Amino acid sequence: MGFMDKLKNKFKQNDEEEISTKYKEGMTKTRNSFSGKINDLIAKYRKVDEDFFEELEEVLITADVGVMTVMDLIDELKMEVKRRNIKDTKDVKDVISEKLVEIYYGDDDESIEELNFQQNELTVMLVVGVNGVGKTTSIGKLAHQLKSDGKKVVLAAGDTFRAGAIEQLEVWGERAGVDIIKQGAGSDPAAVIFDGIKAAKTRNADVLICDTAGRLQNKVNLMNELSKVKRVIEREVPNAPHEVLLVLDATTGQNAMSQAKTFLEATNVSGIVLTKLDGTAKGGIVLAIRNELHIPVKYVGLGEEITDLQKFNAQAFVFGLFADMLEDDNEY
Ligand SMILES: Nc1nc2c(ncn2[C@@H]2O[C@H](COP(=O)(O)OP(=O)(O)OP(=O)(O)O)[C@@H](O)[C@H]2O)c(=O)[nH]1
């Protein structure tokens, strides 16, 4: 059985089907572009040779997979094709899907995608990222999801800088049905988060999600603000923050990568929330982030609905990328 057949069987199970449908729908743009180009290559070359790999390399690079990752992937593919004695280009597609998952995890296992929750204690998550990437929206969606999972969630409106950020978070708090702790615009974010921690503890919350301002224009300010906020969190809750989630907009491609690098210099980041994956044809950025920044993608935004923020899953991602391979039996 090929790798894609295995994925197909896996995602046919009831509890997994919804995930695969979300990824399949959300990744339509990337699939049409990426998979379409690979199909063209397969038809053009028929036989696996150097020229085929060279063009495949280009296709992967234009999908924003990242040059280093593409090099590794092509090397792996060449070895595997030789090992399995594959001659026809059409048989390479299944190997590509398998290697994409392998290269995503490297030496790690699937648990890298899980959020780090504390048992019987408050879990504090800090959410960072520049304005406009969908930070507030993602916090709202995440709060909704955690609440649906039975967790008591409190939000802290730490983005006191951007006009309207507090109100926007309030709207999301209402939508998700969770409490929000805020002060006025322009107040000290560290003070808001301090209040948030106190409130979360008093209300016996499981999770406190802290919004922050993303003033990337001035790296020193950003660093100072984030370190002040982190000092408060560390002092009030041992071993916190338990997650520092960096929100990046997938549609900004390489720009998202350079934003990420700046944030990594300012603070440590434990996971990425990659928004608007549905809005780009260059979904390969997921692989570049993981392999070049060495940070796992924990959530992806696959649409604007409250349920469209999905836990990242590399197998579902690859399934979304190649779902058209399975069209022939009309089940997907
Ligand atoms: N299609 C799609 N739209 C998204 C996704 N995530 C966020 N958005 C939309 O992006 C729009 C803009 O959100 P932004 O203004 O960028 O971000 P924000 O959350 O309002 O603000 P910031 O906190 O400044 O990032 C909103 O209309 C969201 O619905 C996603 O995964 N897919």
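Quick reminder: no glycine exception, Cβ is built from N, Cα and C everywhere.
Listed in TrEMBL for this protein:
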type	residues	note
BINDING	129-136, 211-215, 275-278	GTP binding site
DOMAIN	296-309	domain 'SRP54-type proteins GTP-binding'
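Sequence-distant neighbours of Thr212 (GTP binding site) (same chain, 6+ residues apart, CB-CB distance under 8 A): Leu126, Val127, Val128, Gly158, Asp159, Pro189, Glu225, Leu226, Val229. When the neighbouring Cβ atoms lying within 10 Å are counted for each of the binding-site residues (Lys135, Arg215), the highest count belongs to Lys135. Proximity to ligand 1 (Cβ under 6 Å from any of its atoms) holds for these binding-site residues out of Gly132, Lys135, Thr212, Arg215: Gly132, Lys135. Note: Leu277 (GTP binding site) has non-local neighbours Gly26, Met27, Thr30, Ala250, Gly283, Val286, Val300, Gly301, Leu302, i.e. same-chain residues 6+ apart with C-beta under 8 A of its own C-beta. Gly129 (GTP binding site) has a Cβ environment of 29 other Cβ atoms inside 10 Å. In sequence order, Asp249 are the residues of the chain that are 6 or more apart from Gly132 (GTP binding site) and have a CB within less than 8 Å of its CB. Annotation note: Gly132 (GTP binding site) sits in a coil segment as assigned by DSSP.
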